[in-house]
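For reference, Swiss-Prot has these:
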type	residues	note
DOMAIN	11-250	domain 'ABC transporter'
BINDING	G43, P44, S45, G46, C47, G48, K49, S50	ATP binding site
Amino acid sequence: MSPTAGENILLKAEALSVYYGNSLAVKDVYLEVLKNKIVAFIGPSGCGKSTILRCFNRMNDLINGCRVQGRITFHDQEINDGRVDAVELRSRIGMVFQKPNPFPKSIYENIAYGARINGYQGDMDELVEKSLRQAALWDEVKDKLKDSGLALSGGQQQRLCIARTVAVQPEVILMDEPCSALDPISTLAIEELMQTLKEQYTIIIVTHNMQQASRTSDYTAFFNARATEGGGKMGYLVEFDTTEKIFDSPDQEATADYVSGRFG
């Protein structure tokens, strides 16, 4: 079941399937993402969570042999329409990856570089400060903006990547296991940051951490996978609903088994 709220639907996937070559990786996904909400994608490894996440800003275009069937709409516009520029789409739907990946540049330039490429004409110092504040990093780095972003701790690097993402003023932030390489304190900082960010942005997060999904998200999509001929896996969406519903009274037995730790 997908939540619906009329004009608040920002992203929608309909009959979405993804192939790698001739192999069907994820089949027939339907879901809706509401504005200023956090949606968590959960499920065992190989069920297609990250594959579906990358569909929303066409990162899968960069994977040789990957093709998408079905529809994804953003503000009711089909994003795979030939008239949609993928680079512009990615500025509106940004991404934070599993491993922090700051540019080999100064902290300042990590923020300014993308904004400059995207044609930002305003006060760059102001944008850098605003972005770092939004990522709850400003107070820690304000006196060392000329230092390399690579010199920061892992948690700080991930927040720098979030600051870099928000600097280009996206509407949606995709997060692919953003805390998997971080310690518990840094993870908590990112989770607290997400609650602040959702006031301005819509967030979709892939996570293997059930507690993180239940703590941070408004809606949860549970994916699973079944074995295919040749030893592969095909992912599919089992259930999508409010996080409270998914964790407390899911409709599907497989969902209940997964969130309770009985498999996965």
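Positions of Cβ are set from backbone N, Cα and C atoms, glycine also.
The structure displayed is predicted, hence computed values, not measured ones.
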Cβ-based neighbourhood (8 Å from the centroid) of the ATP site, residues G43, P44, S45, G46, C47, G48, K49, S50 excluded:
T51, F223, A225, G235
Compute the average pLDDT of the predicted model within the domain 'ABC transporter' (11-250).
95
On a simple 10 Å Cβ count over all chains shown, which one of the binding-site residues S45, S50 is most densely packed?
S50
